[in-house]
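> OK, TrEMBL features for this one:
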- 1-68: region 'Disordered' (REGION)
- 36-67: compositional bias 'Acidic residues' (COMPBIAS)
- 73-115: repeat 'WD' (REPEAT)
- 122-163: repeat 'WD' (REPEAT)
- 206-249: repeat 'WD' (REPEAT)
- 341-382: repeat 'WD' (REPEAT)
- 383-416: repeat 'WD' (REPEAT)
């Protein structure tokens, strides 16, 4: 589908038609209304904690590297490219791979004894499952495929509740609205799509990029949609989810010269940090579109694959690149500066933040998962086991475990505890 084409009008359900099918908070967000009960979102304050016990090493492994995982999943027959952890169930995870399948499974010995090791196989995609996301309440799992389809699965049964069609090419990413009910996805056909998950109806198509929509997100307040364009586009766009109108476009100097690869929206929904093939992360003010910081520090033209604003330290951002560097940035100055460099032996592919502590997990081309202290830049832990590139990471809701999917056709769970076991499943 070209960037100017629109989907067939039949079956579309725009925001105004969705009343009665959406939670009131979600509907208010998408219409840009203020919920009087909604609390302002802001940076988490830097929490004080006991000093982290230093263990492991930032260095890469060797051929005799031990497997530090507490759980190994070998159900896939090809590379594992996407992983997700349920926000509501402590031991429930999902993985998707190049074998065109996704699986829902439980972690740990107690789960194995309770289920006999049973897993839910989610079949129906006809190409790589490239992205996964649990709904906020943990009831549904969304999967995006290179076949151009998004599927919504009932977590309890593994039943496919909806197949969301529209994109004319591979789905690059999927995300739920922060309060649930609505799904957003970016596609290689230069478009982004928004659906009502309960019915599968298309609510909006965001058309205007001139390259694949490689990254994107709802703003944390739920009132906006941000998308980034890849090769041939290199733009950042802010959209009104009610009307589909593009309200802000950032493109050209002093913004990126190469296609965007990743982005993260600040918790207060006022700014975006983006990464690109050009190797220089940018921070953009969403109010006026101004590029407020160019974070020069990665090797020239070394693609930045992951970026984030710290959820625990104010005025701190981070970026991971193919040059093997995780750079921590101090944004609280006239000119942003590097506060720490966390060196990896090979390229950094993914970042994932701890939910309650100032810690960051990284995936790497060398197959090692590492945990870093974002206050000091020190390596807290390093877990070996994977024999190939770590493609994706997910952290348990309590922050005690990290799930990694790898090109080596496996998914592994690692524990923050030294020799610890996964606790009994519980609802949060």
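Our numbering is plain: 1 for the first residue shown, then up by one each step along the chain.
From the backbone N, Cα and C atoms, a Cβ is placed for every residue, glycine too.
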> Counting CB pairs under 8 Å, which listed stretch among 73-115, 122-163, 206-249 touches the repeat 'WD' (383-416) the most?
73-115
> Can you count helix, strand and coil residues in the repeat 'WD' (383-416) using DSSP?
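Summed over the repeat 'WD' (383-416), the classes give 0 helix, 18 strand, 16 coil.
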> Under DSSP, the repeat 'WD' (73-115) has how many residues in helix, strand and coil?
7 helix, 20 strand, 16 coil
